[in-house]
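Down below is the structure, laid out as structure tokens.
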């Protein structure tokens, strides 16, 4: 088992991720949005923590990722960074903060990095945002790309179904992947695309390719932490594996607490001053 458990407390860097790909070591990645969860995830040995704009769904209850603001992402980013010693921390730039102009993209990227002290940022898109990616990287900020299903573009596509199933879209994705690498991205997330296409991308690129619903032949995997811990009900995509049933555990614990309070069993004599 990796991480603190095995005594490997060296800080994960973008360079180390490339080295992991080169030696065939899979990269583990999970989301976190708060200090306490980040401490646990980091201490368990995760390689990369993504402060995802999925906080819009998980933390705020929104239907999409679109409503979350830059300041809200900064708040979550700061909270996570404080809890992390080893993992590489990547923060999503939210919708509307890098699409309008290169100047605004760089300004917002610098703001996030200066305030959160994160290690890198993630942006969704290919050729459409490549000028913004170039400028941000030129400012010295590491960028992780994101292709395939892009939640920030949900209103464009209208569905969360598998992307790049037809030849035209697959070829564009492949072209965008190469373009992002050539522009200087240190890694790439592929979301919900055919496993065969993801395998080809991972094989052709020298940078790490991390998948979510993209098969097992990529260089690493990412999941939303509350999903894989079984905290959410009613969400069961094909790619999700639940490693715990915390929804049941937490519900039972809270019900027991309520019962103890109602009966006067809490606090007992040992729990008083």
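The backbone N, Cα and C atoms fix where each Cβ goes, and this holds for glycine too.
Residues or ranges marked as Mg(2+) binding site by Swiss-Prot: 53, 92, 124. Annotation source Swiss-Prot lists 3-methyl-2-oxobutanoate binding site at 53, 54, 92, 122. The active site, proton acceptor feature in Swiss-Prot is assigned to 191; the stated evidence is sequence analysis.
Same-chain residues with CB within 8 A of the center of the 53, 92, 124 CB atoms, the Mg(2+) site residues themselves not counted, are 52, 54, 65, 93, 94, 95, 122, 123, 146, 151, 152. The two recorded residues, residue 92 (Mg(2+) binding site) and residue 122 (3-methyl-2-oxobutanoate binding site), show a Cα separation of 5 Å. Within the same chain, residues at least 6 positions away in sequence whose Cβ sits under 8 Å from that of residue 54 (3-methyl-2-oxobutanoate binding site) are 31, 65, 92, 151, 224. Look at the Cβ of each of the recorded positions 92, 191 and count the other Cβ atoms within 10 Å; the largest number goes with 92.
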